[in-house]
Amino acid sequence: MVTRKKPVKRNAEAAEIQVEQEEDASQPKVAKELMVVAQEVKIIRALACNDVVERNRQIRILRKWFKARAGSSFPFNEDDFMRIWKGLYYTMWMSDKPLVQEELAEKLAQMVDSFGGNTACSLAYFSAFMRTMCQEYFGIDQWRMDKFLMLTRRMVRYLLRFLKQNNWNADLIAAFNSSMQLSVMSEQPKSRGMTMHYLDVFFEELAKAANGEITAAQVNMFLRPFVTYIATQRDAKLVAQCRTRVLYHLMYQSDLGRQYSEKYNAWKQMGFPTASIDDIEKLDSGFDEEDDEVNAEEEQPRATSLDPRAGNVDVHMPELPLNADCVLDELQTQLRTNDFNSKRRKGLRKLIQIFETYQRGEFPLGVRTMPKVEGQTLSEMVEQKVAALDKMEDEVFATGRKLKKLNKSKRKRLLQSINFEEVDEHNYDEVISKALPPELQKKVNYNAKVRSSINNAWVVEEVKEAEPKSKKAKKEEPPQQNKDDQTKVKKKSQLKPKNDQSKPKIEDQPTLKAEKEEPAKRKKLDHSKTKEEQSKPKTDEQPKPTPKVEGQSKAKPTPKTKAAGVDDDAPTNGWDAPLEDGEQDIFVPSRKLQVKQANSKLPQSTPKQPARAEFATPQTGSGKHVRIVTKSNCIYPKSDYYRQLKLSPQVPYDANRLPGKSALKPHWIPGPIHPSYKAKRLFNDTL
C-alpha cells in the first residue's frame, strides 16, 4: 500500500522570515559602534539641513536621544559631542530673528541637564561646545557674532546652575576648571575674542546662578584658575582683560566697591566740589527704619530678568563673597615657584599691594583726588607764561646779548676793567650791566622796554626836542635845499617839455652823489647861486638860460632874482661873492660819474630787464583788487557785538516774514497734474 505525504502549508510571513535569515547569514555582521556613528551622522545632517521644520523636529528628538544614549551600554565620548556640536553650530548659524535665536539658545543650553544625572556627559557636552566655538570663531561674520556670544553666555549660565544643583561639588568644579584650561583658557588660545568674552561674562553669570547661595571658599575655587592665568599668560591684552573683568570686577561688586561707587557718583553730580573724595560723608536721611520697612512692603515688586531688556526691567546682580587671602596666597605662590621677568614681577607685586589694601578694609581702586583748577582767565595765564618766558630768557641770554653789542676791542677792555675776584654766579649779571657804557646801557633798556610792551603793540618813550642825531642818520639825510631852491625846482619842472621825460634818470636829477664827494665844489656852487640871485633885477621877465658845459646836469634850476628889499649878509670871501657880468657857473662832475654815464650809453651784451616791484596781492586783469590784511584776522569780543546791536537794532529774525521772490521761473502748468489728464471724480469726492 502506497502512502503519500501530506502537503505542508507555509504562509507568506514564514517565507519572508526564512528569506531574511538566509540573507543575514550571507552578509557579515556590522559592528554596533559603526551603527551608532551612522546614527549620529544622520542626526547631524538633519540639524544642518536648510529646512527649518526638520531642524526643529530633530532638536525635540535630540533631548530624548541624549537621555537614552547616556543610560545605554555605549556612553558618550568627547568625539561624539564634537560631531553633534558641528550640527548644532549650523543650526544656530541658520537661525533668524532675535526672539527665535534666543529661544534656540535656551533650548541648546538646557540640554546640559538632559543626560539623566550623568555629570561627566554634562561637562563633556559643555567642553565640546567651547572647543567648537574656539575653532569656528574666526568663521563667524559680524551679522552672526551677537547670537553666538549670546549662546556662550546662556551655556555658561546653565552649566553653573547644573553645578549649583550638585551643591558646588569640588570634584566637578575641578574637572570643569581643567577642561576650560584646555580650551578657552589655554596658554596659547586659538581665539582671543572668545577668551575675552568668557572672562567678561563668567563671574556675572556665577552671581546670577548662585543668587547669594555660595560661600567665599566656593568662589575661591572658581577664582584660582584665573589668578594662575594672569601669572602665566604671555598675551598682555588677555592679562589686562582678566585683571579688570575678573579681579577688579569682584572688588567693585563687594560692599567696599559699592560704597565707593555711590560716593563717587554723588561727588560727580555735585561737580567735584572738593579736592578729595574723602571729604564727602554720607548723612542719614532722618527717616526711621520702621517707616522704610512699611514703605518697602507697600511697594510692589518690580519685574526682574537675568538679561537686559527693553523697558522698565531691572537685572539683579547678587554679591559674590570675596576672600582676599586666597588671591594673595596664589599670587605669592606664583612669584615663588615661577621664574618671571621683571615686568611680570612688577605687575604681580602691584596686584599684591592692591589686595593687601583691600584686606585692610580700604578700597584701593578708583579716583580719589581731583585737582581743582585755579580761577584764572586765559589772558592772565598767557601774561604769566609770557612774563616767565621773558624772565627765563633774560636770565639765560641777557649778559651774552649785552656783550655781543660791543666789538672785540671794547669787549676786551670791558672785561679787563672788571675785578673778577669779587664776581660770582649771583652778581655776574649785575657787574656786567654796571660796567657797560651808558650808550649801550640806554639801548639795552630801550630793547627791554620794547620786549615788555610787545603784547600792547605800542612803545611809549620820551623824545627830547634838542636830541642830537647820530652819524648814521646824518649820512643818510639828503642835502637840504632852501625854500627858494625848492620853488625854483618846482617851477622848472612845470616848464619842462614832455620830450624830456624819455631821457635817462641820471640826467633828470641833480647829481647828489657828486656833491657828497666834492664838498668844495658844492660850496662854490651854492655861493655862486646866491651871487647870481643878488645881481638879478626884480623884474618879472623870464630868466635867460645860462650856457652849460658838457656833462652838466640838465635839470639844474635856473637862478632867479630875489624880490627887492631883501637884505643878505655881506660875503665873507670870494666864494660868497655874487657872480659878476660875464661870469658863468660851471659844475665839473667827478671821474666816477663820468665813467658811469659813458658806460650807460654803451650797448649791453645782455639786455637788463627792468626790475619789477613785488606785488602785495596777485595782479588780475580786472580793475578791482583784493588786499588781504592779516591784522584784521582776530577774534572780536562780545562788546563789539553788543555795540553793533545798539547801532543797528533791527530784528535779526522775523517769524512772520514771508520769503522773497524766487529766482526760479514759474512753470506754465500751475500744478503737477498733466493738463491732458482728466481725473475721474468719485461719488464721495468733495472737491
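Cβ atoms are placed via backbone N, Cα and C, with glycine included.
Candidates Thr304, Thr337, Thr620 were compared with Swiss-Prot; the annotation phosphothreonine appears at Thr620.
When Ser502, Ser528, Ser605, Ser622 are looked up in Swiss-Prot, the one carrying the note phosphoserine is Ser622; the rest have no such note there, which does not rule it out for them. When you go through Thr606, Thr617 in Swiss-Prot, the residue listed as phosphothreonine is Thr617.
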